[in-house]
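Engineer: What TrEMBL shows for this protein is this:
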{"type": "SIGNAL", "residues": "1-19", "note": "signal peptide"}
{"type": "DOMAIN", "residues": "49-299", "note": "domain 'NADP-dependent oxidoreductase'"}
{"type": "ACT_SITE", "residues": "TYR72", "note": "active site, proton donor"}
{"type": "SITE", "residues": "LYS101", "note": "site 'Lowers pKa of active site Tyr'"}
{"type": "BINDING", "residues": "HIS134", "note": "substrate binding site"}
Amino acid sequence: MKFIVNTVAFFALFHVISGLAGKAPTKTLNDGNQIPMLALGTYGFDDIPRMRQAVNWAIEAGYRHIDTAALYENEEEIGKGISDVIKHGLVKREDLFITTKLWNDKHARHQVVPALQESLSKLGLDYVDLYLIHSPEASNADGSPANIDYLETWKGMEEAKKLGLARSIGVSNFNTEQIDRIIKNSLIVPAVNQIEVHPSNSQEEAVKDCFERNIAVMAYSPLGFFVSRGQNGRPGKDDPKILNIARKYNKTVTQIVLRYLLERDLIVLPKSAKRHRIEENINVFDFHLTPEEMAVMKTFNSNTSIFD
Ligand SMILES: NC(=O)c1ccc[n+]([C@@H]2O[C@H](COP(=O)([O-])OP(=O)(O)OC[C@H]3O[C@@H](n4cnc5c(N)ncnc54)[C@H](OP(=O)(O)O)[C@@H]3O)[C@@H](O)[C@H]2O)c1
Ligand SMILES: *[C@@H]1O[C@H](CO)[C@@H](O)[C@H](O)[C@H]1NC(C)=O
Ligand SMILES: *[C@@H]1O[C@H](CO)[C@@H](O)[C@H](O)[C@H]1NC(C)=O
């Protein structure tokens, strides 16, 4: 009897963490594709070879979504991690959601598909789930500004989608005006805008504008100043208001910050190179914040961004 109960529990658990959803629920994008609400962020791994290990830990912990970029120079190591978990039978390719980004020096329309093909070759994949224009700013190979309209870049993105090299396409670091220019002048509406959102930079208006246009928002640097980042007087992980909420749910401050963003229907991308934190950061789907607690979280906003 005990054996049967344990077997049932095992399969129930397996059911929950297998498939695209993994441990995180998914959201439907404006093109009909499903995106997992939580991804492993991968920017700033000082030790790139550890990236492969981190991908393995993340998939074992129930992550199904990895956020990378050509800029991060870690696509090869991530590809090795993906190959490991598929080889070990943990997941199939279709259970994973892989996001990468076009860097600023490849904004000419004819450069987009080749840049994506280079990323795919490094990742060892034949498609990505989501391809983003990393920023509206175009540059030359030497980093100097280039005079290329992102509407041209977007035409290249549409070609990438038509070729099936990217299942969904979107933008990052675009403002509402720039998004509206794309919508007015293009065939495909971006599925996603990836922008900086965290308690000190809550971005209420930008998020509302995207949602009104049926564009999903990915929140980067979600932990904001609640991690060691030179808080300069901004509320941080010792603030009694957030400690009280954390205590109530037996969660860490980091988990409360992620939950606050998830309650707002934002896709979160916490980055960690440490196994226990990778596990901690996805352990946020068994509780909810009340409207009062969401109001407390809102008081941390000071419109302060980490990046320009
Ligand atoms: N589109 C863009 O322009 C853009 C810009 C920035 C970032 N991004 C994406 O968004 C991802 C996340 O942003 P981010 O890396 O800037 O910031 P983040 O994920 O908010 O914070 C990462 C920092 O928090 C620490 N950390 C992670 N989990 C923790 C925990 N549970 N407790 C305490 N500390 C913890 C990490 O250290 P350890 O690694 O030592 O744990 C790291 O120092 C990036 O990795 C990247 O994928 C995109
Ligand atoms: C609180 O959370 C920790 C870490 O997840 C867990 O080990 C512990 O059993 C929890 N305590 C209670 C009272 O639920
Ligand atoms: C943040 O910016 C918004 C929009 O510009 C503004 O309404 C709000 O008052 C600002 N909040 C703070 C704390 O500066």
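We count from 1, first residue shown onward.
For all residues, glycine too, the Cβ spot is worked out from N, Cα and C.
Curation plays no part in TrEMBL annotations; they are all automatic predictions.
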Engineer: For HIS134 (substrate binding site), what is the secondary structure by DSSP, using just helix, strand and coil?
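Structural biologist: It is coil.
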Engineer: Rounded to a whole angstrom, what is the C-alpha distance between the residue listed as 'substrate binding site' and LYS101 (site 'Lowers pKa of active site Tyr')?
Structural biologist: 5
Engineer: Please work out which residue of LYS101, HIS134 has the most C-beta neighbours within 10 angstroms of its C-beta, and give that one of the recorded positions.
Structural biologist: LYS101
Engineer: Within 10 Å of the Cβ of TYR72 (active site, proton donor), how many other Cβ atoms are there?
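Structural biologist: Within a 10 Å radius of the Cβ of TYR72 (active site, proton donor) lie 20 other Cβ atoms.
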Engineer: Which whole-number value in Å describes the distance between the Cα atoms of TYR72 (active site, proton donor) and LYS101 (site 'Lowers pKa of active site Tyr')?
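Structural biologist: Cα-Cα, rounded: 10 Å.
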